[in-house]
Amino acid sequence: MERRRITSAARRSYVSSGEMMVGGLAPGRRLGPGTRLSLARMPPPLPTRVDFSLAGALNAGFKETRASERAEMMELNDRFASYIEKVRFLEQQNKALAAELNQLRAKEPTKLADVYQAELRELRLRLDQLTANSARLEVERDNLAQDLATVRQKLQDETNLRLEAENNLAAYRQEADEATLARLDLERKIESLEEEIRFLRKIHEEEVRELQEQLARQQVHVELDVAKPDLTAALKEIRTQYEAMASSNMHEAEEWYRSKFADLTDAAARNAELLRQAKHEANDYRRQLQSLTCDLESLRGTNESLERQMREQEERHVREAASYQEALARLEEEGQSLKDEMARHLQEYQDLLNVKLALDIEIATYRKLLEGEENRITIPVQTFSNLQIRETSLDTKSVSEGHLKRNIVVKTVEMRDGEVIKESKQEHKDVM
């Protein structure tokens, strides 16, 4: 529209007094061969004088306008060519992006997502299995810890029993030692009593022998000297008394010895039985202690093995969980990158579509402008010979006042394939 206004202003500069009209056609009317368009349809010429000196100025102005319009058309053609090249380039990029988009769609990202989901499900399943195994191992560890605590309690109880048995055994040994000492003391006493009995018997025998010798000497002396009283009965009586006393003492000593020996024998037997029982119990406790020690060592080894296996399982579980987390993060990053790339391609495609739409609109606008300019320029060239210039008589009063009024009417007709598409009319008033 600016170019049209500039052209109209340029035309206004060389149009003389009067009216210039561009003949128009009715919309939809087709031009046949040999049809001439009248650019200015004037009223019938009045009997006046025609000034042909204005034709040269009009021709020069028209040529200048034609040159400027030709330069503008060349510039527009260059710009139009560059736009066409740009449009072709963008269309090629659009086709390439569309092909890439179709290729990406043909890859069926849903199946890829299904594959990722299947792999994620498998990884989650393995993670759940590892978690279950870890929980099971923890339960087994707790059970073994409870068993170990029970065994340790039993070991403590057995240790206490062993200590008690050892204390009892020490007491029994002390009692046995005391009984042995008492037995030895009694044996020494018995030996001393036996020696004393033997000594007393020996003394008694010597006394009896001495008495017998004395009795024999006295009897002989009595027999020799005089008849003395009978001492044999007295000696026999004394002898009988002494023998009875010795026998009684011997019997009492033997009875006392037998009773003491029986008591000591019974005490020794009891102590020996208790000692044997204590030794048997100590041996049983020792065997139980050895068995429990072996069980404890076995359980300790089993516990250490299970703890080592549990640590290995936990470390492997941590490593596998870390690898699964890394794989999951990597898959999520790949999915996110694919989504971002897809969004970027879609955004680029949308931008290219917007650019293409804008270029299509601009091309259509330029095409319409070019067609309008071509139609507008072609009509005056073809009908330049039909221009009719007339000079009207001016009012004396108006001339004397030094003012000249001009009415310029510009009628533009747009044609395509010989058909009138658009017709416009502009009227300008100028005072000189």
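We number each residue from 1, going along the chain as drawn.
From the backbone N, Cα and C atoms, a Cβ is placed for every residue, glycine too.
Copied over from Swiss-Prot, here are the features:
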type    : residues : note
DOMAIN  : 69-377   : domain 'IF rod'
MOD_RES : T7       : phosphothreonine
MOD_RES : R12      : omega-N-methylarginine
MOD_RES : S13      : phosphoserine
MOD_RES : R30      : citrulline
MOD_RES : R36      : citrulline
MOD_RES : S38      : phosphoserine
MOD_RES : S82      : phosphoserine
MOD_RES : T110     : phosphothreonine
MOD_RES : T150     : phosphothreonine
MOD_RES : R270     : citrulline
MOD_RES : S323     : phosphoserine
MOD_RES : T383     : phosphothreonine
MOD_RES : S385     : phosphoserine
MOD_RES : R406     : citrulline
MOD_RES : R416     : citrulline
REGION  : 1-72     : region 'Head'
REGION  : 73-104   : region 'Coil 1A'
REGION  : 105-115  : region 'Linker 1'
REGION  : 116-214  : region 'Coil 1B'
REGION  : 215-230  : region 'Linker 12'
REGION  : 231-252  : region 'Coil 2A'
REGION  : 253-256  : region 'Linker 2'
REGION  : 257-377  : region 'Coil 2B'
REGION  : 378-432  : region 'Tail'
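The shortest Cα-Cα distance between S82 (phosphoserine) and any of the modified residues T150, R270, S323 is the one to S323. R270 (citrulline) and T150 (phosphothreonine) are 38 Å apart (CA-CA, integer value).
Mean model confidence for the region 'Coil 2B' (257-377) is a pLDDT of 80.
Same-chain residues lying 6+ beyond the ends of the region 'Coil 1A' (73-104) with a Cβ under 8 Å from its Cβ atoms: 342, 345-346, 348-349, 352-353, 355-356, 359-360, 362-363, 366, 369-370, 373.
Between the C-alpha atoms of S323 (phosphoserine) and R270 (citrulline), the distance comes to 76 Å.
T150 (phosphothreonine) falls within a helix when secondary structure is assigned with DSSP. Just so you know, the Cβ of R270 (citrulline) picks up 13 other Cβ atoms within 10 Å once every protein chain is counted. When secondary structure is read from DSSP and collapsed to three states, S82 (phosphoserine) falls in the helix class.
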